[in-house]
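Visitor: The region 'Disordered' annotation in TrEMBL covers 1-26, 53-74. Taken from TrEMBL, the feature Mg(2+) binding site applies to Glu101, Asp118, Ile120, Asp121, Asp250.
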Amino acid sequence: MRDTNPSPSAAVTDPARPAPDPADPAEITELRRVAVHLAQTAAAHVRARRPEVFGAGEDAQDAVRAKSSPTDPVTVVDTETEQLIRRLLAELRPGEAVLGEEGGGSLGDDRQIVWVVDPIDGTVNFMYGIPAYAVSVAAMRGGRSLAGAVVDVAAARTYSAGLGAGATRTGPDGIANPLRCNEVDSLAMTLLATGFGYGAARRARQGRLIGELLPHVRDIRRIGSAALDLCMVAAGRADAHYEHGLNTWDWAAGALIAAEAGARLVLPPAGTTGKTGELVVAAAPGIATELLELFDRLGVSEAIAES
Ligand code: IPD
C-alpha cells in the first residue's frame, strides 16, 4: 500500500513523480485565494440554479444525461458551472491549464499549475435535493495539490487549505475556524465514511468489503460526495474516508484539506483515472496505522478495476 502522507504537514504527493520545485508561501496564499473565489462563485451559481432546474413542477428530463452508466448522471448545471469556472480562470489566470470532470484536460508537466475542478461533487444528491453536494477546485503542480477549496453548497460553508498553511472552514457568517482531525485512537470507535462507484461489478465488490469492515468499526457513512467526506475527516465529523476508483477531481482539494488538518493520506498518482480503481484513504492520525493494516488484511488495499 502506498502511504503518501506520513506526517500531518506533508504534501499531497505522487511518489511516482519527482518532487517539483517547492512553492513559496506567497504563491500558495494566492492560489488558495483564487480557489476559494472560484468555488464560492460557482457554488452561488449551483445554489441559484437548483430550484430553476429541479424545483417543484419543473420537468427536469432534459436537464440530465447519463455518463459511464445509466446511474452516473451529469446535469446541465454541472456543465454550465464548469464552463463558468473555466471562463473565470481564463480571466484571472490566463494560460493556465484546467482538468475538469465534465470538460476533461490533463495535468500538464511538472512546472505548470493545473486547476482541477469538480463543478458538482455529489451530483445524485444535487438532483434529489439531498443537501450534500459541493464545488471542488484545486491548484496542482507536478501531481501535488498546492491549494484547494471545497464549498458545501447547501450549507454555504467553505473548506480550504494551502500546502503547509493549514486548513479552515468558513461559515456563511464569514468566520473562519481552523480544522483538526479527531483524536480518536481506536478502530472500534472509528466512524468510517466511504462511497461506491457507478459500475455494477465494482459495487458488488465494494459491498462485500463493507460487510467485512463493519464489525471492526463504530459505523459506516455513505453520504454521496467524496469531496465533502474528506472535509468531514478534516473537521472531525468523520474519522476516516476511503473509496476505490475516485478521479483526481474528486480528491484534489479535499485530500489537501484533510492532510492539512492532520490526516494521513493514501492516494493514487494524480491523473490516474477512476477506471483503475485504486484506493484513496484519509484517516485521522490516531487510527491511520491500524486502519491501513486492517485494509491490507481484508484486501481493501487492492485496486478494484472496472471490468
Ligand atoms: C461521486 C461522489 C460519490 C462517490 C463517487 C463519485 P460525482 O462524484 O463523490 O460520493 O462515491 O465515486 O463519482 O459523480 O457526484 O461528481
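Just so you know, glycine gets a Cβ as well, placed from its N, Cα and C.
Since the structure is predicted, the reported quantities are computational estimates derived from the model, not experimental observations.
Map the listed features onto the structure and describe their local environment.
Guide: Residue counts of the region 'Disordered' (53-74) by helix, strand and coil are 5 helix, 5 strand, 12 coil (DSSP-based).
According to DSSP, Asp250 (Mg(2+) binding site) is assigned to a helical segment.
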Visitor: Which residues in the same chain, at least 6 apart in sequence, have a Cβ under 8 Å from the Cβ of Ile120 (Mg(2+) binding site)?
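Guide: Those within reach of Ile120 (Mg(2+) binding site), by Cβ under 8 Å and sequence separation of 6 or more, are Val46, Thr75, Val77, Asp78, Thr81, Phe126, Tyr133, Ala134, Val135, Val153.
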Visitor: Other than Glu101, Asp118, Ile120, Asp121, Asp250 themselves, what residues in this chain have Cβ atoms within 8 Å of the centroid of the Mg(2+) site's Cβ atoms?
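Guide: Those within range, site residues removed, are Asp78, Val117, Pro119, Gly122, Thr123, Ala134, Val135, Ser136, Ser225, Ala226, Ala227, Asn247, Trp249.
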Visitor: Just name the winner among Glu101, Asp118, Asp121, Asp250 (the binding-site residues) by count of other CB atoms within 10 A of its CB.
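Guide: Within the set of binding-site residues, the most crowded position is Asp118.
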